[in-house]
Amino acid sequence: MSLSPVEGVALAEIESGGDPAAPERKGVVGRSPGQLAWLRLRRDRTAVVSGGMLVFFMLLALAAPLIEMVYGVSPREQFQHLLDGFGMPLGYVGGVTGDHWFGLEPGLGRDIFIRLIYGLRTSLFIAFAAAVITAAIGIVLGTLAGYLGGWLDAVINWITDLTLAMPFLVIALALTPTLVLRFYGEREQVSSAFGVGVLIAVFAVFGWTSTARLVRGQVIALREREFVEAARASGAGLGHMLFRQLLPNIWAPILVSFSLAVPQFITSEAALSFIGVGLSDETPSFGRMIYRSLDYLQTDPAYVFFPGITIFALVFAFNLFGDALRDALDPKSSR
């Protein structure tokens, strides 16, 4: 449960290390809930390991152009001369060599390693962009519904229920091709930026509901508290009440919700790309790579192994870190 600014200050005793005058000089120092959560997070081995993995993945994604320059291979470059007559990579383990660390794609001969790096970049960008947009929408609607109540609360709840009732996969399958045909012809190549934007928009339309309900519940629990009543009695305006009194006291559950939403969007993007929705085959994506690898499970298992283990490790690290973050911000939740 989120604490008020006064209740959220924890007191830590300062020890003097054997000084005879220590009892007289003992004091207390205030620590905010954020500082206490950071201390708990640093002491949690699961959080440290999973956080380190996430930092590693994010650095790889950010440094993708630099890695491409050093590696010397483009994600769209094809090495047909390294494939046999059946389109299979020459050599062992899918054509793994010193020049192609994870081998080559059967059929097209594209380098798997550099496409994985750019696929990681694509997935993280879509997931973080969608998480930020959905969090912003959910925070605004949830805060207004929880604090103002009345007819506005009823309308927002009705919209939330309506959105939750819509089948996400069916709507995504119908909406995405419609948007593509609206801006591109049937035979035109869809740009990577447009495909990414469509996926983010689809996630934004359906992904805000859980955050809105979470924020609404937290605001309802806080709006009758003493410090909120005092601010209201002093004549504070709506903006002050929302941004100075309520939101600073519910940042912890919002942060946890955000950290757990990112891996959901990663898997959703991979699933939609797997069935050919949103991203074109030219855009590096985990879902498209796994889809193409299904025809080569027996002849080239390395092709499905590398993207599969990468997305598994990425989502697993996000989920572990999200759980550790929740326990650090609310220790009672783990009891």
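In case you wondered, yes, glycine gets a Cβ from its N, Cα and C as well.
Per TrEMBL, the features are as follows:
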- 47-67: transmembrane segment (TRANSMEM)
- 120-322: domain 'ABC transmembrane type-1' (DOMAIN)
- 124-150: transmembrane segment (TRANSMEM)
- 162-184: transmembrane segment (TRANSMEM)
- 190-208: transmembrane segment (TRANSMEM)
- 302-325: transmembrane segment (TRANSMEM)
Handout entry: Proximity of the transmembrane segment (162-184) to the transmembrane segment (124-150), 3+ C-beta pairs under 8 angstroms
Key = no
Exercise for the section: May I ask which of the stretches 47-67, 124-150, 190-208 has the most CB pairs under 8 A with the transmembrane segment (302-325)? Expected result: 47-67
Handout entry: Positions whose Cβ lies under 8 angstroms from the transmembrane segment (124-150), at least six residues beyond its ends
Key = 57-58, 61, 156-157, 159-160, 196, 199-200, 203-204, 207-220, 223, 241-242, 246-247, 254, 257-258, 261-263, 265-266, 269
